[in-house]
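Sharing a structure, written as structure tokens. Questions coming.
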Amino acid sequence: MHDLKAIRETPEAFDLALARRRLEPRSALVLDLDSQRRAVQTELNDLQARRNEASKRIGLVKKEGGDAQALVDEVAGIKATMAALEARLGDLDRDLDGHLMGLPNILDDGVPEGPDESANVEVRRWGTPRAFEFTPRQHFEIGESLGGMDFEAAARLSGARFVVLKGQIARLERALGQFMLDLHITEHGYQEVQTPVLVRAPALQGTGQLPKFAEDLFRVEGDFFLIPTAEVTVTNLVAGQVLAATALPLRMTAFTQCFRSEAGAAGKDTRGMIRQHQFEKVEMVSIVHPDDSAAELERMTACAEDVLKRLELPYRVMALCAGDVGFSARQTYDLEVWLPGQDRYREISSCSNTGDFQARRMNGRFKVEGEKGTRFVHTLNGSGVAVGRCLVAVLENYQNADGTVSVPEALRGYMGGLERLGD
């Protein structure tokens, strides 16, 4: 959600900010609705005062034994007019909120310009892709040859973009999630939370998935949606809350199933586990003081990088350009891991600073003791990391010529000391 006061004061700046995202100017429309709403509210306030005054006069006239019918009729007329204006005010509120809810966040000044992902800027890279003495296979070939990935069984059960994992590979995925969670809790200062995977629409509105991206969500019977990411539930833990400034920063992490319809992904990554309807992810969420959110984004990104470093997976960090930053974010770094089977880097984590955009939508605030009023918190979220894609990266980077897969040292304690899959 956007700050109406800021739009009133600097409408040109608001339109220029939207232009960075290749959007048409919207300040005139927003301010017109705002002006109409304020005019109706002023008229309602005036009528309220007239009604109160007339009601007092009715009491005085009746007390003196006079005829108050004219005043009674006047009050009735005022009430009827007010009812119509209140309905009009409700319509204007919904229209204004609808327009504001459909507009993306204002980008940080440091976000690179560009129309799409082709203009993203590499910030740094870590690790050197392994030189194979054989042609590396893709993860689904490895998984099927080890008897640990069954896409046909998943298709019989649920259709396309699902997988059944078995045996050592199922255990490896579980180990990855547990490793990530333990790392963030014990060394990165995050508190583990377990949240529902079913949420109501207001939670999705708060983080920005609704109303604009309804087609990307799975809706179940009743008022529930399956979460596309634990960002939704974990961030909404501060919805409607006023936190003490001393409680900030609040850092939380969750390991959940995630569900996405992949409505715009027809024909993309149709084989394997890169793009699925159901997948596991470890999510990091930070709730911070506005002055600290820029530094927190760097910290969060480093926490996600630490996962890949400890697994010794080569990766690069990309600063997303204006045309590629997500709806709710003001700035985003993507971590892309090297996949030798595809001979390319693929996204495995996205870390974003949303500023006060989500906080305004969900009314998450903080208060400094001794100061008047409250302020909106800043919220950040990041994958720490996508577990399924990390499994893909491990299988491809640690594959051996004999068809086995070496287990990264960081995971062997979670695998009962197992050193190789397929032995």
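Cβ coordinates come from backbone N, Cα and C, glycine included.
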If Swiss-Prot gives Thr229, Ala230, Glu231, Ser383 as binding L-serine, which of Glu280, Glu283, Glu336 does it give for that site as well?
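Among the candidates, Swiss-Prot records only Glu283 at this L-serine site.
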With an 8 Å cut-off on Cβ-Cβ distance and a minimum sequence separation of at least 6, pull the same-chain contacts of Thr229 (L-serine binding site), or say none.
Cys258, Lys281, Glu283, Asn381, Ser383
Between Arg260 (ATP binding site) and Ala230 (L-serine binding site), what C-alpha distance do you get in Å?
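Pair distance, Cα basis, whole Å: 12 Å.
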Suppose we draw a 10 Å sphere around the Cβ of Glu231 (L-serine binding site). How many other Cβ atoms does it contain, all chains included?
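Excluding its own Cβ, Glu231 (L-serine binding site) sees 29 Cβ atoms within 10 Å.
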Are there any residues in the same chain, six or more apart in sequence, whose C-beta is under 8 angstroms from the C-beta of Ser349 (ATP binding site), and if so which?
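Within the chain, Ser349 (ATP binding site) has Cβ neighbours under 8 Å at Ala304, Val307, Asp334, Leu335, Gly382, Ser383, Gly384, Val385, Ala386.
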Express the distance between the Cα positions of Glu231 (L-serine binding site) and Ser261 (ATP binding site) as a whole number of Å.
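Between the Cα atoms of Glu231 (L-serine binding site) and Ser261 (ATP binding site), the distance comes to 17 Å.
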Rank the binding-site residues Ser261, Ser350 by the number of other Cβ atoms within 10 Å of each Cβ and report the first-ranked residue.
Ser350
